[in-house]
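First up is the structure itself, then whatever we jot down about it.
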Amino acid sequence: MKKYQFLKSNLLQNQNINELFLQYLKNDSNIGVIKSIVDGVVIIEGLSNVKAGEMLQFSNDIQGMALNLNSETVSAVLFGDETKIKPGEYVEGTGNIISVPVGMSLLGRVVNALGQPIDNKGDFPGSELKQVEVKAPGIITRQSVNEPMITGVKAIDCLVPVGRGQRELVIGDRQTGKTSICLDAVLNQKYENSKNKKNALYCIYTAIGQKRSSISKLVTLLEKTNSLEYSIIVAATASEAAPLQYLAPYTGCVIGEYFRDNGKHALIIYDDLSKQAVAYRQMSLLLRRPPGREAYPGDIFYLHSRLLERAAKLNKNFGGGSLTALPVVETQAGDVSAYIPTNVISITDGQIFLETNLFYNGIRPAVNVGLSVSRVGSAAQILAIKKLAGSLKLELAQYREALSFAQFGSDLDETTKNLLSRGNMLTELLNQNRFTPIPIENQFVLMYSGIKGFLTNVNNKVIRSYENELFNRISNYSVFNTNVILLSNNEYYKKKNNNNVVAFFISYFKFITTNIFGFSAK
């Protein structure tokens, strides 16, 4: 572009000079002239050698991306303010597909969709540039999911487990707690990383189309809990251009891939992909691409599949790293059969379905256990939890079935009453406040006490008190804590001589339930 800097935009208004400049373009295919600007889409003459997805440089430091490559013109989208450029000005093709900085120096930082810092903390020393659009790992490089990714949420870790390298969709209506579940998973990694620093899990939170105030609250929460030190936030707010909201998930993904490809572990949250799809639909319609179902373009499935396929667990020959994805999709009135939800459900390895009715009934998180599923996570679930999960799922399924019949009549037999009472107790046991992740060891002890019948005669109103007291005892009683950690270890169930530990648990549960609240344990 430097050799054309003498051509100012006011000179280009002259017809003869404009024609002369277009002749220059035939000899330099990296320079183009703006023909028109409409709704953030720029039509450019020239740029005959430009690539699809190439970064373009406009005047006033405005950047854009080439998308539609026609025989005479190129259609590009802008990443900045379109009022700062005008027809007749020149455009330069950089020759590079969009790249962003990646590396350990990004930890604790907030960046925009182009990887530029927006937290006033300076640049990223020691970082390297990576293209945002790369191919997903092949079959040979992958390994089946075999390590748990502990979220700290009882309902998920016990019933819908997530493994490192898995894609688990979080789906539900607005204001049902989707973001809270994802943030609980981020907050819980502080405890998990302290137990095993070698296999620490780094977190990337990608905010797409959210309010600036929401992102500010998120940063404050992570700073207060000292969780920002292992986290990176990629933000494309609602006020930013649609191309930036479209690009943000790919930027977050390539940042996560840096950890995966270097033998480390990362978790990426896309909150949410519905807004990315809307941004891509807006871009496609402005680019005059043919609309399809719900006015989305024909390649909307590929938009999400090529993104989510990049989450993987690599085998040891390729470093053994992993990238776990928690994409979020918003539904309208619980309709999971809409276009985007069905697309993402078919791509992912399972879904956590949040229901509005459960949320309004005070069940938090509002996970519908019957509709939620994890297709590969159970292979990575801790064996101690897995032993309990089978009984827990069965009892909750029987409870839901009995509950549906109980509403039709008041005359219930004793067995059904006991089933409903026990189901209510287990449901209350799975309740959990947001931003309070629970260590997996504590989850095991709590669920063990419920499933093995120690809370059968307990009033549901005091279960939360029991839970708090139990966790206090675990943290203060060193012998008990040792056995808890032993039980959470996969090696525990591979040993035959574990009767002493089980007997210790039983006696201790009876002590707590009998002496703390004054009721008799069975």
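Here, residue 1 is simply the first one shown, and the rest follow in order.
Cβ coordinates come from backbone N, Cα and C, glycine included.
These figures come from a predicted structure and were not determined experimentally.
Quick look at what Swiss-Prot lists:
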BINDING   GLY172, ASP173, ARG174, GLN175, THR176, GLY177, LYS178, THR179  ATP binding site
SITE      SER372  site 'Required for activity'
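Sequence-ordered, the extra residues of this chain that approach the ATP site, with Cβ no more than 8 Å from the Cβ center of GLY172, ASP173, ARG174, GLN175, THR176, GLY177, LYS178, THR179, are GLU330, LEU354, PHE359, ALA366. The two recorded residues LYS178 (ATP binding site) and SER372 (site 'Required for activity') have their Cα atoms spaced 13 Å from each other. Of the recorded residues, GLY177 (ATP binding site) and SER372 (site 'Required for activity') place their C-alpha atoms 15 Å from one another. In this structure the alpha carbons, written CA, of SER372 (site 'Required for activity') and GLN175 (ATP binding site) are 18 Å apart. Taking each Cβ in turn and tallying the other Cβ atoms within 10 Å, the top scorer among the recorded positions THR176, THR179, SER372 is THR176. Within the same chain, residues at least 6 positions away in sequence whose Cβ sits under 8 Å from that of ASP173 (ATP binding site) are GLU330, THR331, GLN332, ALA333, GLY334, LEU354, THR356.
For ARG174 (ATP binding site), applying a Cβ distance below 8 Å and a minimum sequence separation of six or more within one chain yields GLU330.
The Cβ neighbour count for GLN175 (ATP binding site), using a 10 Å radius and every protein chain shown, is 11. Highest Cβ count within 10 Å among the binding-site residues GLY172, GLY177: GLY172. In three-state terms derived from DSSP, SER372 (site 'Required for activity') belongs to neither a helical nor a strand segment and is classed as coil.
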